[in-house]
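Colleague: First the structure, then my questions, so here it is.
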Amino acid sequence: MNRLPYIRPNIQRLQAGPVNPFRLGSSPSCVEIDGVPVAELARNYGSPLFVFSEKALREKYREAHRAFSRRYPDVQFAWSYKTNYLNAICRVFHQEGSIAEVVSGFEYEKARRNGVDGSKIIFNGPHKERADLERAVNERAMIQVDNIDELLTLASIVRDRTEPVSIALRVHLQTGTHTVWSKFGFNGDDGEVLQIIRRITTLHNLRLQGLHCHVGTFILDPENYRVAARRLVELAIEAEKIGAGQIRYLNLGGGFASHARLHYQYLPPEQTTPSLDRYAEAICETIIGLWPAGRDLPRLYLETGRALVDDAGYLISSVVAVKKRHLPSQMQTAMAAYGKSAAVMPQGNSRHALVLDAGINLLYTTAWYQPKILPARPCLDTPEPTTVFGCLCMNIDVIREDAPLPSLTTGDQVVLHPVGAYNITQSMQFITYRPAVVMIDSERKVHVIRRRENLDYVQELEAIPEHLATRTAVSRPEPHILAVA
Amino acid sequence: MHSPRIAVSGLHRGENPQPGASIVRSLRRRFPNAFIVGLVYDALESGIYAEDGPDVVYPMPYPTSGATAFLQRLDSILEKSPVDYLIPTLDAEIELLVHLEEALTERGLRTYLPDKEMLSHRAKNHLPELAKTCGVAVPDTRPVYDIAEALAVAAECGYPLMVKGQYYDAKMVSTEQALFAAVFKLFSEWGAPAILQRCVRGPEFNALGLGDGEGGIVGLCTIRKTIISNQGKGLGGITVLDPRLDEFCTRLIRALRWRGPFEIEAMLDEARGEYVLIEINPRFPAWVDFPSMLGINFPAALVQMMDVDRKPAPLPRCAPGHFYVRHQVEVAGHIEQLAALSTSADFEALDMARSLEGAAPSAPTPFPIEMGDDGASPSNGSARRHAH
Amino acid sequence: MSTPLSDLMLNDRGFVFDPASGETFQLNPTGLRIVRLLQSGLSHDAALTQMVSEFEVDEHTAQRDFSDFLENAVRLGWRIE
């Protein structure tokens with residue numbers, strides 16, 4: 001007799017609320033990525049494994065570029081290095097036509113080594129070393145000045161030069177987001193920016209050419225960009241009035257949402273993430289509508305990162321242990337982040353739990369977002385709220401409090417998605433090696449774009465003082481050795 | 001139109017009543033031969049077991065599970081029970097469905113819903129902008145995305161405060177501790193933001209109506225709430241006719257160009273001496289069957305409006321002076337019905353595996369197969385009714 | 001207070017009613033099979049062996065899930081002999 005498909009045996013207490021076997025829908029799976037089976041990827045390159053789809057990267061870039069260029073005559077995208085600066089990823093965007101947007105000397109150097117000319121680098125960020133600024137000035141990078149100290153440093157760098165250097169100012173604005181990113185740049189609402197612009201007109205060799213505003217991150221309402229674009233145009237007109245000359249470019253930064261799902265986001269991203277067309281419409285219509293007639297439209301720069309790379313990135317991971325998690329009842333609602341369904345605890349006071357071979361050290365963005373966790377094989381049984389733990393030896397290593405998952409067992413692979421933005425650049429090496437990263441090209445060929453770490457790599461920068469060079473005296477045997485003896 | 005097939009959701013009529021059961025009653029008044037499909041989110045929704053309840057009932061995935069899950073389930077339901085009209089009644093559900101107009105039309109389902117923009121303009125966190133555009137007053141209303149923001153708003157506005165979920169639920173809080181608890185509960189059930197609203201003193205008014213999508217109102221019924229439960233629900237109301245309240249509603253619906261059913265909640269602010277907007281719900285209220293009893297049947301008019309070629313004549317106004325009092329009754333069910341609604345889809349999967357092997361699938365047998373003679377006998381409200 | 005398995009009323013779709021406590025439960029197909037096996041008087045070990053022979057599952061997984069299932073049943077108020 002053939003054996004029947006197995007699912008983990010389960011009892012649910014039926015109480016008002018969960019008496020609905022369909023409440024979490026069915027169990028979607030992710031068996032392959034761009035036509036390459038997940039099992040094959042894990043077998044060939046190990047688990048966990050970051051996987052990027054080159055096709056998705058290029059398609060998304062083209063979608064974004066199309067959305068803006070069909071509405072605005074002069075658009076330039078700049079790849080936001082911090083979002084993901086694996087060289088292969090950066091080069092895909094550079095090939096597509098992106099220049100680079102960097103926020104440190106390190107990223108600047110990386111962009112140069114990727115073949116980006118200094119004049120095609122937007123240099124952003126609140127901390128730029130004097131040496132980095134000198135290089136940027138010499139290589140005619142687009143410096144976006146963040147603060148008065150930086151402005152004065154620049155002034156001292158350019159004082160004795162023969163020709164003026166063009167700069168832009170970063171501003172922060174009230175655009176209707178619930179927090180204003182006032183850490184960055186100058187206040188565009190209370191007149192501070194105009195004071196700074198007046199000051200620039202008095203400084204030798206500095207020419208204001210651009211205005212930059214990055215309203216925030218994961219902005220779900222395109223109207224915020226409409227406000228930002230309007231205010232930037234108004235500031236540009238003011239700047240010219242006070243003698244700064246014509247503003248040549250507006251940099252609207254990034255912040256467009258990907259298809260990630262925030263904690264406490266009730267509807268899934270398919271319904272909540274605005275299309276790139278809606279952002280483009282808000283920005284382009286506003287600038288075109290308000291820019292003084294008869295004047296050349298300014299060039300529009302965009303530094304969108306997350307929206308271009310997030311959805312193209314996956315993390316394959318494997319189930320290493322199956323657990324139950326006991327939660328006291330008063331903690332139950334506090335432990336739900338997925339919406340109404342998850343507040344329900346049909347297992348009494350416990351919840352299914354899994355341990356994966358990847359941890360939050362690789363998934364920093366899980367602090368804000370809930371990646372989808374999809375089994376790498378089709379599952380027929382209905383999903384249950386499941387806590388997904390990472391492999392770190394730390395209690396805070398919870399990848400998702402309550403992912404809807406069918407019953408999985410050790411050895412099963414899962415695919416986390418989307419994880420292409422920030423996770424690689426913000427990952428940290430902790431207690432084990434960071435995984436390999438592969439990219440699947442448009443011919444379904446798999447390329448390793450970063451090897452798995454090893455002990456030599458991790459220890460490469462370490463040094464051992466001489467007095468620690470010899471081994472310490474062997475202490476007495478440990479009790480477990482005695483016990484065996 | 002003699003026997004339209006209509007799907008209705010939200011059938012609970014307990015302490016926090018949903019509109020679905022009232023809608024079903026109204027529909028049955030006008031279309032006695034209608035085939036009503038109940039879409040439920042919990043097997044214990046009371047309307048499932050009511051005498052005049054739906055003909056057939058199906059559990060649905062929560063809207064938070066997304067469009068794919070919702071449409072997959074809908075397809076399997078339509079295969080068994082074809083439907084011509086869909087009347088969603090839960091805010092979170094409507095929030096999902098406005099994205100699916102095309103998918104629903106493809107399936108031959110007629111709806112009469114607002115579009116995304118209309119829905120968003122009336123969302124609780126956008127009330128102040130809406131009120132400003134149409135010149136109506138609104139109490140201080142602020143979305144909060146975390147507890148720190150909530151505490152800051154409370155410090156500014158003071159207590160008591162109303163704390164509301166973006167789609168459902170509201171609670172008045174008077175202390176920091178209660179605010180903390182309420183905000184967390186709403187976040188986990190309905191997502192962020194939660195909405196804080198300054199409390200207003202004065203009588204409450206509700207307006208029920210249908211917008212034609214061009215700024216006009218097809219029908220309007222205004223009531224003053226006369227009995228209010230501890231949870232703020234109207235347990236009784238009396239029809240009123242105040243030109244100022246009508247003007248208030250007209251302005252809002254005109255500005256929104258609202259399409260479909262609505263409920264406007266307003267209060268007569270004692271301090272200001274004018275109506276203030278509390279919220280606008282994108283659906284009928286739970287008392288929608290009350291005007292039907294007076295001969296003004298909003299759900300039936302809605303079904304007519306879903307027929308593209310038929311635009312109904314404007315509904316007459318309810319004369320002032322009629323009142324309703326909510327009358328709660330028990331409905332009886334049997335665990336057999338509960339069993340049918342709670343059976344896990346896993347059994348269907350196993351049947352599929354068995355049939356692949358050539359073995360006969362285990363057909364659902366009546367519950368309880370092992371119940372002795374002294375067991376309770378099933379007491380279905382209606383023989384024609386089935387649960388799936 | 002716990003209810004012996006023999007007193008639980010269940011149908012072949014895994015719906016369970018505890019007539020003593022008035023509580024209702026839902027078993028999935030594998031859970032139902034375990035309860036049936038135990039109701040028929042099989043020992044835990046024999047029931048586990050039977051599960052492994054009937055379902056596509058390795059012994060390690062079956063054993064872990066089996067004891068987890070019984071523990072859960074006890075916590076929910078069922079008496080497992």
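Glycine is no exception: its Cβ is also placed from the backbone N, Cα and C atoms.
As annotated in TrEMBL:
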DOMAIN    A:61-309  domain 'Orn/DAP/Arg decarboxylase 2 N-terminal'
MOD_RES   A:K82  N6-(pyridoxal phosphate)lysine
ACT_SITE  A:C393  active site, proton donor
Colleague: Report the mean pLDDT of the predicted model across the domain 'Orn/DAP/Arg decarboxylase 2 N-terminal' (A:61-309), rounded to a whole number.
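Modeller: 96, rounded to a whole number.
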Colleague: Three-state secondary structure of A:K82 (N6-(pyridoxal phosphate)lysine) from DSSP?
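Modeller: Helix, per DSSP.
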Colleague: Radius 10 Å, atoms counted are CB only; among the recorded positions A:K82, A:C393, which position scores highest?
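Modeller: It comes out as A:K82.
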Colleague: Please report the Cα separation of A:K82 (N6-(pyridoxal phosphate)lysine) and A:C393 (active site, proton donor) in Å, rounded to an integer.
Modeller: 28
Colleague: Which of the three DSSP states, helix, strand or coil, fits A:C393 (active site, proton donor)?
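Modeller: A:C393 (active site, proton donor) sits in coil per DSSP, no helix or strand.
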